[in-house]
Ligand SMILES: Nc1nc2c(c(=O)[nH]1)N[C@H]1C(S)=C(S)[C@@H](COP(=O)(O)O)O[C@H]1N2
Ligand SMILES: [Mo]
């Protein structure tokens, strides 16, 4: 995101969209031929089945199913991004800055043993083994949109539970106003950490009420399996109403603080990436508009861009958190 490349906002998709393009085009032709009537309904059903098939993982990772969550993720499995796209087009700078780098390089990440330290302003600080953390609460499946600040979005069936479950367990002190998340920065297994593209480790933060919001997911899996390395194994955050970079991957530390924590992207480019980073079509990035987005896998290069929604479409759930705040100022 930092590197000012011409194509940053309209990143040329890797493989994922190139290959299926012929498929989409023939599908469009078919659509035209069948427009309207019973044939249209049959086609819709067929397309939905087709999408579900694409969202099925190859089954190489350990299963981690979640019960359909009561927290409204607002989108259904029929809209899920194809598994190949969600795992082949990633931002994870610890493994390189190209969208295809994480899928190629993240096999070196070691996800066991893995611990997450909880520290700072809490009554019960401590070190959690990853498997204890997984068992802390029942795993739920939530289909969330995730929108990258660069202008693309995906729909992913995440598996995890509300971060609030962990926060309640460790009992924050009254003085705790923010939560900081620290990702692993291991030069030996993460080639990107040897470059100075960011000030490692990758850190992110949320205000306490944002961290406690039921939509904020501590995720351990996706598509019914444990997280692939490139998507932030073994544990990451998913904050669906904020730009994707707020969703820190491969977390090793969760710290409760009184002051707003510095974040990796804010340190790298203060005028481009604020602390809040709520998805907002009305607040442009200094170098590009945020009004529209491209849904990965949708109709290839000539697909119409979608209108980006305030809070990524989760306004009904999270709008109250920002009542009275100037969102131009607190971007
Ligand atoms: N540790 C770490 N977390 C990270 C990033 C990163 O580079 N390092 N990239 C962020 C960005 S910019 C996005 S859009 C999402 C992408 O998540 P996905 O690859 O699972 O779609 O991860 C976020 N979390
Ligand atoms: Mo992003």
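The count begins at 1 with the first shown residue.
A Cβ is built for glycine as well, from the same backbone N, Cα and C atoms used for every other residue.
Pulled from TrEMBL, these are the features on record:
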BINDING   90, 93, 94, 148, 183, 231, 236, 247, 248, 249  Mo-molybdopterin binding site
DOMAIN    110-265  domain 'Oxidoreductase molybdopterin-binding'
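Contact annotation for binding-site residues (90, 183, 236, 248) versus ligand 1: 90, 183, 248, each with CB under 6 Å from a ligand atom. In this view, residue 94 (Mo-molybdopterin binding site) is surrounded by 29 other Cβ atoms within 10 Å of its Cβ, with every protein chain counted. If you compare every pair of Cα atoms in 90, 93, 94, 148, 183, 231, 236, 247, 248, 249, the residues listed for Mo-molybdopterin, the longest distance is 18 angstrom.
Counting only same-chain residues at least 6 apart in sequence, those with a Cβ under 8 Å from the Cβ of residue 90 (Mo-molybdopterin binding site) are 99, 101, 102, 103, 230, 231.
For residue 183 (Mo-molybdopterin binding site), the same-chain residues that are 6 or more apart in sequence and have a Cβ closer than 8 Å to its Cβ are 94, 201, 202, 203, 204, 248, 249, 250, 251, 252.
DSSP assigns residue 183 (Mo-molybdopterin binding site) to a strand segment in the three-state reduction. According to DSSP, residue 236 (Mo-molybdopterin binding site) sits within a strand segment. Comparing Cβ neighbour counts within 10 Å across the binding-site residues 236, 248, the minimum falls on 236.
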